[in-house]
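Novice: According to TrEMBL, the protein has these features:
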- HIS56, HIS58, HIS100, GLU102: Fe cation binding site (BINDING)
- 22-120: domain 'Pirin N-terminal' (DOMAIN)
- 177-284: domain 'Pirin C-terminal' (DOMAIN)
Amino acid sequence: MSVSRAIRKAFVATEQSEGMGARVRRSIGTAKLRNFSPFLMLDHFTVSPPAGFPDHPHRGQETITYLLKGGIDHEDFAGNAGTIGPGDLQFMTAGRGIMHAEMPHKNPDGGPNIGLQLWVDLPEKLKYCEPRYRDLRASEIPNVNVDDDKVHIKVISGQSHGVDSVKELAYTPVWLFDVSIKPGGRVRQELPKGWNAFAYTLSGTTTFGSGEDQTTVGPYHNVVFEQAGDVAEAGVDKDSSEDGRFVLVAGQPLDQKVVQYGPFVLNSEDQVYQAVLDFQSHSNGFERGKNWKSEIGKGAGN
């Protein structure tokens with residue numbers, strides 16, 4: 001008999017400025033939700049040119065970018081470059097060091113570029129691995145419908161109702177689903193035992209949990225599940241005027257110390273100091289950063 005996970009807390013993500021002119025709603029990585037291994041940060045971003053995220057470094061983590069609307073270009077100091085569009089994802093492993101830029105498109109309709117970026121910690125033994133990118137296109141993502149087609153799930157990573165994702169995209173095990181529920185629909189999503197899990201709401205009004213332990217929230221809330229239990233439950237009232245949509249994410253906790261200084265995430269203060277020194281001296285993974293400037297980041301903020 002599966003056990004439904006209780007709700008630990010639910011809170012709204014407050015909008016703030018980030019980068020050069022971008023607006024983000026940050027939930028993980030704030031005073032309301034820290035030390036939630038393996039997750040370091042979750043930003044729901046809205047950005048239009050000339051704003052963006054020009055040349056900046058990373059070490060020691062992975063980022064998962066899920067674009068909901070528009071287009072985002074990326075470019076790094078190793079010569080990698082590309083674009084993701086609506087429904088596409090990019091998994092970036094910083095490893096020992098990377099410098100890159102992420103810049104939004106100017107859309108024909110004048111609308112902003114909107115998406116989610118999740119920072120995931122790397123296991124200590126992989127902190128200094130070689131950096132890499134892995135893209136997942138919207139057309140590659142398998143889908144499954146449940147509850148008489150009232151629930152639609154995009155299986156980005158992991159397994160849902162017998163449907164497996166196409167490939168493992170991150171070093172740290174993470175399951176990620178995009179879930180839409182019509183009025184009257186309900187879903188029970190199995191999650192690996194002992195993993196931390198949360199849901200971030202994008203639209204509509206959704207009720208999470210079961211029985212007497214239920215929490216109903218609107219858009220832009222982070223709903224944090226307790227670690228105990230087998231399934232996460234969610235539903236939308238049959239009288240609701242719109243569908244509920246959220247991303248459901250679970251990850252394997254890492255038993256390690258986290259020391260973060262901006263874009264550097266290591267396991268000790270000394271390692272963070274070394275990361276700053278390596279970045280400034282263009283060494284130990286940042287050699288290619290010397291005199292490098294991205295093409296897409298030129299003119300940012302002007």
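The backbone N, Cα and C atoms fix where each Cβ goes, and this holds for glycine too.
How buried are the listed features, and what sits near them?
Specialist: The Cβ of HIS56 (Fe cation binding site) has 15 neighbouring Cβ atoms from other residues within 10 Å, across all protein chains displayed.
Remark: secondary structure over the domain 'Pirin C-terminal' (177-284) totals 13 helix, 52 strand, 43 coil, with classes taken from DSSP.
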Novice: Validating a neighbour-count step here. Other CB atoms within 10 A of the CB of GLU102 (Fe cation binding site): how many?
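Specialist: I get 28 for this one.
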Novice: Determine the Cβ neighbour count for HIS58 (Fe cation binding site): the number of other Cβ atoms within 10 Å of its Cβ.
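Specialist: The answer is 24.
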